[in-house]
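J.: Positions annotated as region 'Disordered' by TrEMBL: 1-22. Residues annotated as compositional bias 'Polar residues' in TrEMBL: 7-16. As annotated by TrEMBL, domain 'MARVEL' applies to 32-165. Under the heading transmembrane segment, TrEMBL lists 37-55, 67-89, 128-148.
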Amino acid sequence: MAEFPSKVSTRTSSPAQGAGASVSALRPDLGFVRSRLGALMLLQLVLGLLVWALIADTPYHLYPAYGWVMFVAVFLWLVTIVFFILYLFQLHMKLYMVPWPLVVSLGEGTGSGYDTSECGCRFEYRGFFASLVMIAYGVSAFFSYQAWRGVGSNAATSQMAGGYA
(Lines of atoms letter the chains of each structure in order from A and count residues from 1; the text may use other names and numbers.)
(Lines give C-alpha, C1' and ligand atoms only; values in the text may rest on other atoms or scores of the structure.)
Protein backbone atom coordinates (compact mmCIF):
# COMPACT_ATOMS: atom_id res chain seq x y z
CA MET A 1 0.00 0.00 0.00
CA ALA A 2 2.97 2.28 0.40
CA GLU A 3 3.47 2.33 -3.36
CA PHE A 4 0.13 4.00 -4.00
CA PRO A 5 0.69 7.62 -5.09
CA SER A 6 -0.49 10.26 -2.72
CA LYS A 7 -1.89 12.47 -5.47
CA VAL A 8 -4.21 11.00 -8.02
CA SER A 9 -5.76 13.23 -10.67
CA THR A 10 -8.89 12.11 -12.41
CA ARG A 11 -10.78 13.63 -15.29
CA THR A 12 -14.33 13.08 -16.33
CA SER A 13 -15.90 13.92 -19.62
CA SER A 14 -19.47 13.93 -20.76
CA PRO A 15 -20.47 11.63 -23.62
CA ALA A 16 -22.32 14.51 -25.29
CA GLN A 17 -19.03 15.99 -26.53
CA GLY A 18 -18.49 13.26 -29.11
CA ALA A 19 -22.12 12.60 -30.02
CA GLY A 20 -22.24 14.73 -33.18
CA ALA A 21 -18.69 14.03 -34.27
CA SER A 22 -19.50 10.84 -36.19
CA VAL A 23 -21.84 12.58 -38.64
CA SER A 24 -19.52 15.50 -39.35
CA ALA A 25 -16.48 13.23 -39.69
CA LEU A 26 -17.56 11.91 -43.09
CA ARG A 27 -14.65 12.97 -45.22
CA PRO A 28 -13.81 11.42 -48.56
CA ASP A 29 -10.82 9.12 -48.61
CA LEU A 30 -8.86 10.17 -51.67
CA GLY A 31 -6.52 7.23 -51.16
CA PHE A 32 -9.40 4.98 -52.19
CA VAL A 33 -9.82 6.82 -55.49
CA ARG A 34 -6.12 6.22 -56.19
CA SER A 35 -6.38 2.49 -55.39
CA ARG A 36 -7.07 -0.27 -57.92
CA LEU A 37 -10.59 -0.81 -56.66
CA GLY A 38 -11.38 2.91 -56.68
CA ALA A 39 -10.05 3.42 -60.20
CA LEU A 40 -12.01 0.40 -61.44
CA MET A 41 -15.20 1.66 -59.80
CA LEU A 42 -14.75 5.06 -61.42
CA LEU A 43 -14.24 3.33 -64.77
CA GLN A 44 -17.39 1.26 -64.15
CA LEU A 45 -19.36 4.39 -63.30
CA VAL A 46 -18.30 6.20 -66.46
CA LEU A 47 -18.72 3.22 -68.78
CA GLY A 48 -21.97 2.13 -67.09
CA LEU A 49 -23.42 5.60 -67.52
CA LEU A 50 -22.40 5.55 -71.16
CA VAL A 51 -23.93 2.09 -71.70
CA TRP A 52 -27.32 2.82 -70.23
CA ALA A 53 -27.42 6.25 -71.91
CA LEU A 54 -26.76 4.59 -75.27
CA ILE A 55 -29.38 1.92 -74.61
CA ALA A 56 -31.88 4.59 -73.54
CA ASP A 57 -31.25 6.37 -76.85
CA THR A 58 -32.56 3.37 -78.79
CA PRO A 59 -36.25 2.51 -79.15
CA TYR A 60 -35.80 -0.25 -76.57
CA HIS A 61 -39.52 -0.32 -75.78
CA LEU A 62 -40.10 -1.95 -79.20
CA TYR A 63 -37.91 -4.93 -78.29
CA PRO A 64 -38.59 -6.69 -74.97
CA ALA A 65 -34.98 -7.87 -74.63
CA TYR A 66 -33.76 -4.28 -74.55
CA GLY A 67 -35.97 -3.55 -71.54
CA TRP A 68 -34.10 -6.24 -69.62
CA VAL A 69 -30.73 -4.92 -70.79
CA MET A 70 -31.75 -1.41 -69.72
CA PHE A 71 -32.85 -2.65 -66.29
CA VAL A 72 -29.60 -4.56 -65.73
CA ALA A 73 -27.43 -1.66 -66.89
CA VAL A 74 -29.14 0.91 -64.67
CA PHE A 75 -29.38 -1.43 -61.66
CA LEU A 76 -25.70 -2.38 -61.76
CA TRP A 77 -24.73 1.26 -62.25
CA LEU A 78 -26.72 2.21 -59.13
CA VAL A 79 -25.18 -0.66 -57.14
CA THR A 80 -21.72 0.55 -58.20
CA ILE A 81 -22.59 4.06 -56.98
CA VAL A 82 -23.59 2.63 -53.59
CA PHE A 83 -20.35 0.62 -53.29
CA PHE A 84 -18.30 3.63 -54.39
CA ILE A 85 -19.90 5.90 -51.78
CA LEU A 86 -19.47 3.23 -49.07
CA TYR A 87 -15.77 2.94 -49.78
CA LEU A 88 -15.14 6.63 -50.53
CA PHE A 89 -16.50 7.78 -47.19
CA GLN A 90 -15.16 4.69 -45.36
CA LEU A 91 -18.63 3.64 -44.29
CA HIS A 92 -17.57 0.02 -44.74
CA MET A 93 -15.36 0.50 -41.67
CA LYS A 94 -18.38 1.47 -39.58
CA LEU A 95 -20.27 -1.63 -40.74
CA TYR A 96 -17.41 -3.95 -39.87
CA MET A 97 -19.58 -7.04 -39.41
CA VAL A 98 -20.24 -7.24 -43.17
CA PRO A 99 -17.46 -8.86 -45.25
CA TRP A 100 -17.35 -6.00 -47.75
CA PRO A 101 -14.70 -7.43 -50.10
CA LEU A 102 -16.89 -10.52 -50.52
CA VAL A 103 -20.05 -8.44 -51.00
CA VAL A 104 -18.32 -6.25 -53.60
CA SER A 105 -16.89 -9.35 -55.27
CA LEU A 106 -20.35 -10.92 -55.55
CA GLY A 107 -21.92 -7.67 -56.77
CA GLU A 108 -19.23 -7.04 -59.35
CA GLY A 109 -19.25 -10.70 -60.35
CA THR A 110 -22.94 -10.39 -61.08
CA GLY A 111 -22.15 -7.41 -63.27
CA SER A 112 -19.50 -9.32 -65.16
CA GLY A 113 -21.93 -12.14 -65.82
CA TYR A 114 -24.74 -10.34 -67.54
CA ASP A 115 -25.05 -11.08 -71.21
CA THR A 116 -24.17 -8.28 -73.60
CA SER A 117 -25.15 -10.29 -76.66
CA GLU A 118 -28.74 -9.06 -76.21
CA CYS A 119 -27.64 -5.67 -77.53
CA GLY A 120 -27.81 -7.13 -81.04
CA CYS A 121 -25.63 -6.82 -84.06
CA ARG A 122 -27.21 -3.59 -85.28
CA PHE A 123 -26.00 -1.68 -82.22
CA GLU A 124 -22.30 -2.47 -82.24
CA TYR A 125 -21.12 0.48 -80.14
CA ARG A 126 -23.58 -0.32 -77.35
CA GLY A 127 -22.35 -3.89 -77.24
CA PHE A 128 -18.74 -2.70 -77.33
CA PHE A 129 -19.13 -0.40 -74.33
CA ALA A 130 -21.24 -3.02 -72.52
CA SER A 131 -18.40 -5.50 -73.07
CA LEU A 132 -15.90 -2.98 -71.68
CA VAL A 133 -17.94 -2.40 -68.54
CA MET A 134 -18.44 -6.16 -68.21
CA ILE A 135 -14.65 -6.65 -68.29
CA ALA A 136 -14.20 -3.88 -65.71
CA TYR A 137 -16.74 -5.61 -63.44
CA GLY A 138 -14.90 -8.91 -63.87
CA VAL A 139 -11.49 -7.44 -63.02
CA SER A 140 -12.94 -5.65 -60.01
CA ALA A 141 -14.64 -8.85 -58.83
CA PHE A 142 -11.32 -10.69 -59.14
CA PHE A 143 -9.43 -8.11 -57.06
CA SER A 144 -12.21 -7.94 -54.46
CA TYR A 145 -12.20 -11.71 -54.16
CA GLN A 146 -8.43 -11.68 -53.69
CA ALA A 147 -8.79 -9.02 -51.00
CA TRP A 148 -11.41 -11.13 -49.25
CA ARG A 149 -9.25 -14.25 -49.39
CA GLY A 150 -6.16 -12.30 -48.34
CA VAL A 151 -4.10 -13.52 -51.30
CA GLY A 152 -0.71 -11.85 -51.48
CA SER A 153 -0.95 -10.04 -48.18
CA ASN A 154 -0.88 -10.61 -44.46
CA ALA A 155 -2.89 -9.01 -41.68
CA ALA A 156 -0.50 -6.08 -41.29
CA THR A 157 -0.49 -5.06 -44.96
CA SER A 158 -4.24 -5.44 -45.33
CA GLN A 159 -4.79 -3.12 -42.35
CA MET A 160 -2.37 -0.60 -43.76
CA ALA A 161 -4.19 -0.63 -47.10
CA GLY A 162 -7.30 0.83 -45.47
CA GLY A 163 -9.49 -2.19 -46.12
CA TYR A 164 -9.34 -2.12 -49.91
CA ALA A 165 -6.76 -3.59 -52.21
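Using the three backbone atoms N, Cα and C, a Cβ is placed for every residue, glycine included.
Show me how these features fit into the shown structure, please.
T.: Remote same-chain residues near the transmembrane segment (37-55) are listed as 66, 69-70, 73-74, 76-77, 80-81, 83-84, 87-88, 104, 108, 111, 119, 123, 125-126, 129-130, 132-133, 136-137, 139-140, 143-144, 147, 164-165 (criterion: CB distance under 8 Å, separation of at least six residues from the stretch ends).
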J.: For the transmembrane segment (67-89), could you work out the same-chain residues 6 or more beyond its ends whose Cβ comes under 8 Å from its Cβ atoms?
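T.: For the transmembrane segment (67-89), the list is 26-29, 32-33, 37-38, 41-42, 44-45, 48-49, 51-52, 55-56, 60-61, 100, 104, 107, 110-111, 114, 118-119, 130, 137, 164.
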